Amino acid sequence: MMACVTPSKLQLHSTYPNPPHLSNFHSSPKIKRKSHLGGFQSKKWRNLLWAGGENQYIRKESWCVKNDRRKKCCEAVKCTAEGVERCLLLGNRGEESGGFMVAERFKVVALMAGIMSLCNADRVVMSVAIVPLAAKYGWRSSDLGIIQSSFLWGYIFSSVIGGALVDKYGGKRVIAWGAALWSLATLLTPWAANHSTGSLLAVRTFFGLAEGVALPSMNTLLSRWFPSHERATAVGIAMGGFHLGNVVGLILTPLLMSSIGISGPFILFSSLGFLWLTTWSYRVTDDPLESNSVSKSELRLIQAGKSDSQVIKGKLPPLRLLLSKLPSWAIIFANITNNWGYFVLLSWMPVYFKTVFDINLKQAAWFSALPWGTMAISGCIAGATSDYLIKSGYSITSARKIMQSIGFIGPGVALLCLNYARTPVVASIFLTVALSLSSFSQAGFLLNMQDIAPQYAGFLHGISNSAGTLAAIISTIGTGFFVQWLGSFQAFLTLTSCLYFTATVFWNIYATGERVF
């Protein structure tokens, strides 16, 4: 049996003998940590690893133990100037088990992807359940639009408040409270629908109020746990979970309703939300510096990859200053456009397939689920592509503009083509293209908030998200009235395409990847 342990001695060979970008890190207070291996942590584990300079070679001396005889061996690791793109799954080698542990930041993004999946699954349940509810209560298309948009009535207010709370208290606590409250609202939804339409509107509004904190919390927390050149990939993974929530909700909801009843999916997803809380509350911290689980080597890698200055919590956000700069308005307009198109498709896709192609609810759910599934995959691809562009020498500004242009032009063209679809298969293909390419926005405006205003990113996210939510309310209700008046989805799809093209021009003129605030 052979085991390998790493002593504290580590030799660094670099063109930069003194890593100045780690000066703040080295001066920070010493943090005590516990090991995952039953509290055992040898001093031999303390790797002095940093990433800086163009080419670095890190020579690690280790002791190999075989048949009670110790043999000194060495291994060399090469790190590029960008930092730790190869180290997403890197962890310390266990002295007792001889295995590798998963990097702590990967566990954080996995948990974040899980709650983002539930966040969207809880939303989409109503998009499916509303079809049998409408048949039961005799709701018209305009009524459906009002009920679907009630989620956004609360969402529009909590976005700004939630963003400010995230900047002040951190993403961990804010999203934990949000998940607890929206899970409770999900559980109460079928009861409210049976009680009265007013009760249903009130519960859905409360549900939106709780969910408004999710995206600002995600964006801020991941920016603390990941170096700048890994941030797009991390957001892509988390948003991949978000979009997979659509798939899970669209597929499981009709199955559960047919076997258990309308309350079935609401009970399932709310229970999963409460279960997630038990892990999140004790496992995750707002910052890796506060974590007892992150290894020293990973902590140094994260700190070395940070390009922004330290964020100070508790300072009031300068609203007038934020709104005085055109890069802020580029983000706001992009969020308006993204939410306009996203919520139209999220709320109306099952109804679209049933109305236009006269297919049953289960078939409509499957046709609706396919585009969201590919969106989850393409979002991860978009994040990895954005990080690759930056590591290849493209400026952050160029990377953000390229990703956002794909995220708007692609859906605009696809929705125009959707007007000419004559079969559900062709329609599903065009919707798949539209949603897949729209996920590139995740590596555009969604990341750009941290670029231009790292200290006020949560608040800026809240402002832009509130504007986007207002647009989503208008588009969700407007679709219902357009369909009721004109008997067709075509006019509204064309209008949405034009908005995508206009936003692309505005973004490319005024957006920047440089820090503004």
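Glycine is treated like the rest: Cβ placed from N, Cα and C.
Here's what TrEMBL has on this protein:
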{"type": "DOMAIN", "residues": "108-514", "note": "domain 'Major facilitator superfamily (MFS) profile'"}
{"type": "TRANSMEM", "residues": "108-134", "note": "transmembrane segment"}
{"type": "TRANSMEM", "residues": "146-167", "note": "transmembrane segment"}
{"type": "TRANSMEM", "residues": "174-193", "note": "transmembrane segment"}
{"type": "TRANSMEM", "residues": "234-256", "note": "transmembrane segment"}
{"type": "TRANSMEM", "residues": "262-282", "note": "transmembrane segment"}
{"type": "TRANSMEM", "residues": "329-349", "note": "transmembrane segment"}
{"type": "TRANSMEM", "residues": "369-390", "note": "transmembrane segment"}
{"type": "TRANSMEM", "residues": "402-421", "note": "transmembrane segment"}
{"type": "TRANSMEM", "residues": "427-447", "note": "transmembrane segment"}
{"type": "TRANSMEM", "residues": "459-483", "note": "transmembrane segment"}
{"type": "TRANSMEM", "residues": "489-510", "note": "transmembrane segment"}
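Only residues 6 or more beyond the boundaries of the transmembrane segment (108-134), in the same chain, are considered here, and those with a CB under 8 A from a CB of the stretch are 143-144, 147-148, 151, 175, 179, 182-183, 186, 189-190, 193, 204, 207, 211, 214, 218, 221-222, 225-226, 234, 237-246, 248-250, 253-254, 257, 262, 265-266, 269-270, 272-273, 276, 279-280, 283-284, 346-351, 354, 361, 365.
The transmembrane segment (369-390) makes contact with the transmembrane segment (427-447), as judged by at least three Cβ pairs under 8 Å among residues 6 or more apart in sequence. Against the transmembrane segment (427-447), stretch 329-349 has more CB pairs under 8 A than any other of 234-256, 329-349, 489-510. Below 8 angstroms of C-beta separation, residues 141-146, 148-149, 152-153, 155-157, 159-164, 167, 212, 215-216, 219-220, 317, 319, 322-323, 328, 331-332, 334-344, 347-348, 355, 445, 449, 452-453, 489, 491-492, 496 of the same chain, each at least six residues beyond the ends of the transmembrane segment (459-483), sit close to that stretch. Counted as Cβ pairs under 8 Å, contacts with the transmembrane segment (174-193) are highest for 262-282 among 146-167, 234-256, 262-282, 329-349. The listed stretches are 234-256, 402-421, 489-510; of these, 489-510 has the most Cβ pairs under 8 Å to the transmembrane segment (329-349). Nonlocal intrachain contacts for the transmembrane segment (234-256), taken as residues 6+ away from its ends with a CB within less than 8 angstroms of a stretch CB, comprise 105, 109-110, 112-125, 127-129, 218-219, 222, 225-226, 264-265, 268-269, 346, 350, 361-362, 365-366, 368-369, 372-373, 375-377, 379-384, 435, 439, 442-443, 446-447. Looking only at the domain 'Major facilitator superfamily (MFS) profile' (108-514), the predicted model's pLDDT averages out at 85. Long-range contacts of the transmembrane segment (262-282) within the same chain, counting only residues at least 6 positions beyond its ends with a Cβ under 8 Å from a Cβ of the stretch, are 111, 114-115, 118, 121-122, 125, 128-129, 132-133, 172, 175-176, 179-180, 182-184, 186-187, 189-191, 193, 249, 252-253, 256.
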